[in-house]
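Annotation source Swiss-Prot lists transmembrane segment at 45-65, 72-92, 127-147, 162-182, 185-205, 232-252, citing sequence analysis.
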Amino acid sequence: MQLFDDFCKSFNKELQRANFGFAYNRVHLFYRSQWQKDEINTIYLLYRWIWALFFLGVYIMCVIVQFCDGKFFIYMTNWGFGLCTITMLISAVQVTCWHFDVRSTRSLVQESGHKAETSRGLKIYWWLYNMTLSLALIISTVYWVFLHGKMNKPMRFPAISIITHGMNSVMMLIDFLVIAFPLRILHMVYGMSLAIFFFLFTLIYHLCGGTDEFGNHYVYPILDWNNPNRCMVTFVGIFLLIMCYWVLLFGLYKLKRMFNRAFSVVWSPHAVGLI
């Protein structure tokens with residue numbers, strides 16, 4: 001019960017207009033893992049580059065084998081995986097700059113007592129990460145529940161499909177458990193804004209006579225604008241799903257912080273000496 005009460009208090013504190021923004025004075029958390037003790041960590045640096053290069057390699061392969069005269073870019077799956085790639089590359093570069101103190105990235109933050117203002121680059125990264133995380137979960141859920149085996153087209157690359165529709169969300173969830181910077185409830189609006197943008201894109205694409213690579217006059221069957229009622233149901237459903245996932249992620253973020261504090265106490269020099 002105490003845990004639930006603490007969650008509700010934290011949730012209510014999040015509902016402030018300022019939390020729509022990206023101001024955060026503990027900027028060192030954007031450069032480190034939730035679980036590392038020191039300011040820099042070589043394992044975390046390697047982790048960031050392995051993640052980034054994996055996403056980049058898969059995305060390049062997807063473009064090569066699925067380009068289809070540009071039809072590759074009409075799908076939300078490929079938007080989402082592209083965002084994953086960009087976000088992971090930015091994170092890898094930022095952690096590298098912190099690790100090697102490029103342009104005094106780490107020194108300036110340490111001199112400020114870890115109270116430096118959030119730079120524009122970090123704000124962009126935070127904004128992208130929010131959209132990437134929510135979009136990955138939505139893509140996996142919608143594909144496996146509503147689209148898999150129900151689309152009027154053959155599955156030509158099953159291995160790629162598993163990576164882009166399944167491993168994407170698994171890897172983003174793993175990364176979410178690793179990173180140290182916070183998740184804000186009100187940042188769910190950025191995932192919603194991307195959903196609105198994609199819905200408008202599919203509508204405009206339909207009105208312009210656009211088709212998929214097999215000649216179907218829709219991007220996805222559940223977004224066939226010849227049946228606008230179904231499209232609106234899909235639209236509302238996606239919004240509700242984003243909200244549910246974001247609240248669950250906020251709870252997971254709080255649990256992660258709680259476990260981190262517990263382990264920090266257990267493995268502190270004083271605690272170890274008492275064992």
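From the backbone N, Cα and C atoms, a Cβ is placed for every residue, glycine too.
Residues 11, 14-16, 19-20, 74, 76, 79, 126-127, 130-131, 133-135, 138, 218-220, 223, 225, 231, 235, 238-239, 242-243, 246-247, 250 of the same chain sit 6 or more residues outside the transmembrane segment (185-205) yet have a Cβ under 8 Å from a Cβ within it.
Scored on C-beta pairs under 8 angstroms, the neighbour of the transmembrane segment (232-252) with the top count among 45-65, 72-92, 127-147, 162-182 is 127-147. Beyond the transmembrane segment (45-65), the same-chain residues lying 6 or more positions past its ends with a Cβ under 8 Å from any Cβ of the stretch are 33, 72, 78, 81-82, 84-85, 88-89, 91-92, 95-96, 99, 157, 160, 163-164, 171, 175, 178.
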